[in-house]
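S.K.: Annotation source Swiss-Prot lists active site, proton donor at His67. The substrate binding site annotation in Swiss-Prot covers Pro68, Ser84, Gln85, Asn86, Glu87, Gln88, Phe119, Val120, Ile121, Cys122, Ala123 and rests on similarity to another entry.
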Amino acid sequence: MDLNTINSMSYEQFLDTFGNIIERCPLVTAAIWSQQPFASVTELENRVFDFIESLPLAGKEGILRCHPDLAGRDLMRGTLTDESQNEQAQAGLTLLSAKEKETLGFLNLQYKAKFGFPFVICAKMSDKNKIMQELGSRLQNEQSEELQKGIAEVKKICHLRICDLFLNEKLPTKL
């Protein structure tokens, strides 16, 4: 896919193509469509990030709430988005032992109870051990710090998803 193709897309085509660059949050894609044409992939990405940063606190929390629990209910039910399914599988979250599932489930519950949104990490750039370690560590953070960290992870996920769409090739999974 090239930039000319993107810039000539109808609203529906754009939404179909980019609607999940922010997990289950097509509103972001809908909002930036009218900012075409994009001079570069970086500009498209920056428009997404600017939109997210312009949101009030409740909007940013809403974006985080659109993310599924890692190795959670949606994974078990098979209701993850294709992108999340692939990202969680790549991180080894589809192959957890019973003990690992229990530990991750417990940490996910603690995290949601404390912060009011699920733990978000760029699974594609991580693995199950790092994810559990990071989840335990981030439970010690304050609300404002965790909101910033969560949004930073959303941006990493978005970046990799945009790259996948534009480059249509396998990208490095660890930065």
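Cβ from N, Cα, C; glycine included.
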S.K.: Tell me, by DSSP, whether Phe119 (substrate binding site) is helix, strand or coil?
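M.R.: In three-state terms, Phe119 (substrate binding site) counts as coil.
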S.K.: What does DSSP call Gln85 (substrate binding site) in the simple three-state scheme?
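M.R.: Note: Gln85 (substrate binding site) is helical by DSSP.
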S.K.: I'd like the number of other C-beta atoms within 10 A of the C-beta of Phe119 (substrate binding site), please.
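M.R.: I count 25 other Cβ atoms within 10 Å of it.
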S.K.: Calculate the distance in Å between the alpha carbons (Cα) of Ala123 (substrate binding site) and His67 (active site, proton donor), and round it to a whole number.
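M.R.: Cα to Cα, Ala123 (substrate binding site) and His67 (active site, proton donor) are separated by 12 Å.
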S.K.: Taking the Cα of the residue listed as 'active site, proton donor' as the centre, which of the binding-site residues listed as Gln85, Glu87, Phe119 lie within 10 Å of it?
M.R.: Phe119
S.K.: Count the other Cβ atoms sitting within 10 Å of the Cβ of Ala123 (substrate binding site), across every protein chain shown.
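M.R.: Cβ-Cβ neighbours of Ala123 (substrate binding site) within 10 Å number 25.
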S.K.: So if I measure Cβ to Cβ from Pro68 (substrate binding site) and keep only same-chain residues at least 6 apart in sequence, which ones fall under 8 Å?
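M.R.: Listed in sequence order, they are Glu23, Asp74, Leu75, Leu80, Ser84, Pro118.
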S.K.: How many other Cβ atoms sit within 10 Å of the Cβ of Ile121 (substrate binding site)?
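M.R.: Excluding its own Cβ, the number within 10 Å is 23.
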S.K.: If you measure every Cα to Cα distance among Pro68, Ser84, Gln85, Asn86, Glu87, Gln88, Phe119, Val120, Ile121, Cys122, Ala123, the residues said to bind substrate, what is the biggest one in Å?
M.R.: 18
S.K.: Around Gln85 (substrate binding site), how many other C-beta atoms are within 10 angstroms of its C-beta?
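M.R.: That number is 17.
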S.K.: Just to be sure I understand the packing, how many Cβ atoms besides its own are within 10 Å of the Cβ of His67 (active site, proton donor)?
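M.R.: By my count, 22.
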S.K.: Around Glu87 (substrate binding site), how many other CB atoms lie within 10 A of its CB?
M.R.: 24
